[in-house]
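Colleague: Quick paste of what TrEMBL says about this protein:
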type	residues	note
TRANSMEM	16-35	transmembrane segment
DOMAIN	31-282	domain 'Rhodopsin'
TRANSMEM	47-72	transmembrane segment
TRANSMEM	109-134	transmembrane segment
TRANSMEM	146-164	transmembrane segment
TRANSMEM	184-207	transmembrane segment
TRANSMEM	219-241	transmembrane segment
REGION	353-375	region 'Disordered'
C-alpha cells in the first residue's frame, strides 16, 4: 500500500476529487431526469445516453480508487513491485484487478482510461441528440448527424489506440512495455477531444443563428450550450501536463495530475449535458413555444406560436415536428352565389393530411353541391 494522506502522496488529491465530482454528476443526472419526467412524463434517448455516460463514469471512479489502493498516488520507490504492477493493471482492468497474470489483461481492457473515453462519448452524443431535436430543419439534422458520426469515429480511434498502445499482450504496461509514442498519443486524444467539443458548440450556434428572435432571447437560448466551453477549458489545462507525465521516471506519482483533470473533464461533460434540461431552461422553452411535448417517437415536438421557426419548417417534411394547422373553412352565402357569374365557382380547399407539409398543392372542388352545403 502507498503512504496515504501524507504530504508526499497524491492519494487524497485523486480519491477526494474523484468521489466529490461523482456526487456532483449523480445529482445533476437525477435533477435532469426528474425535471424531464415531471414536465413531459417520459424520458427520451438522449436521457438514456447521459445515464450510460454516468455508468461509465462511476466505473471509472471505482477503478481509479482501486488503483489508489494499490499505490497509485505515491512515489514509485514507495510501492512494491507487485503493487506497482497492480497499479498499472487497474488503470486498464475493472473486473479482474486481483489477477497478476499478464495474459489476463487483454480480457480486461475496459479500463480507467477506456472508461473515461466511453463516458465522454455518450455525454457528447447526448448533447448532440438534444440539440438536433430542438430544430425541425433538415439542414440542422444533417449537421447533427455529421457531428455524431465524428464523435463516434473519435471514440473508436481513441479506444483502439489506448487499448493497444503498448501492444499485445501487455497493452496495460505503460512503464515497461513497448509502447507507441505516449506523449504524441495523449496530445492527439486531447486535441481531438477539443475538436469534437468545438463541433458540438458549432452545431448549437447554427441552431441559434437560425432563430428569428431578439438578441436577449437568443442569449438566453445560447445559455443552454455556452457552459460547454468549460469542458474545452479543462482540456486545455490538461495539455501542459502531458509532457512532464510522459517523460516521468516516477509515473505512479506524476501521472496523478492528469487523472485529476480527467475527472474534471468527465464531470463537466456530463453536467453541461444535463444543464440545458434543468427546470429553468425547459420551462423557458415551453413558454417561448419552442418545446411543447415529446412524441411517441422520443422526439421533441416544436410549436411555432410566434412564427420563429416558420421559414425553417418549410424546408423539412419530418412528421415529428409538424405544426398543427387549422382547417381552411370557406363560408358561401346566397347573395354571393347570386352575384357570381356562375354557380360552378370553384372553391379551394386545403389538403389537411398530417403527412403533407405547407408546400402541398391545394385541391380544387367545383359544383353546385359545394355551394348547396354552404347555404
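Each Cβ is built from the backbone N, Cα and C atoms, and glycine gets one as well.
Unlike curated entries, TrEMBL annotations are predicted automatically.
A quick note: this is a predicted structure, and the numbers were derived from the prediction, not measured.
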Colleague: Residues of the same chain, at least six outside the transmembrane segment (146-164), with any C-beta under 8 angstroms of its C-beta?
Modeller: 92, 109, 113-114, 117-118, 120-121, 124-125, 128-129, 132, 171, 180, 185, 188-189, 192-193, 195-196, 199-200, 202-203
Colleague: Which stretch, 16-35, 109-134, 219-241, tops the Cβ pairs under 8 Å count with the transmembrane segment (47-72)?
Modeller: 109-134
Colleague: Sequence-remote contacts (6 or more beyond its ends) of the transmembrane segment (16-35), Cβ cut-off under 8 Å?
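Modeller: Apart from its flanks, the transmembrane segment (16-35) reaches 43, 47, 50-51, 54, 57-58, 61, 64-65, 259-260, 263-264, 266-267, 270-271, 274-275, 277-279, 282.
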Colleague: What residues in the same chain, six or more past the boundaries of the transmembrane segment (109-134), come closer than 8 Å to it by Cβ-Cβ distance?
Modeller: 44-47, 49-50, 52-54, 56-57, 59-60, 63-64, 67, 90-94, 140-141, 144-145, 147-148, 151-152, 154-155, 158-159, 162-163, 171-172, 189, 193, 196-197, 200, 203-204, 207, 225, 228, 259, 262, 265-266, 269-270, 272-273, 276-277, 290-291, 299-300, 302
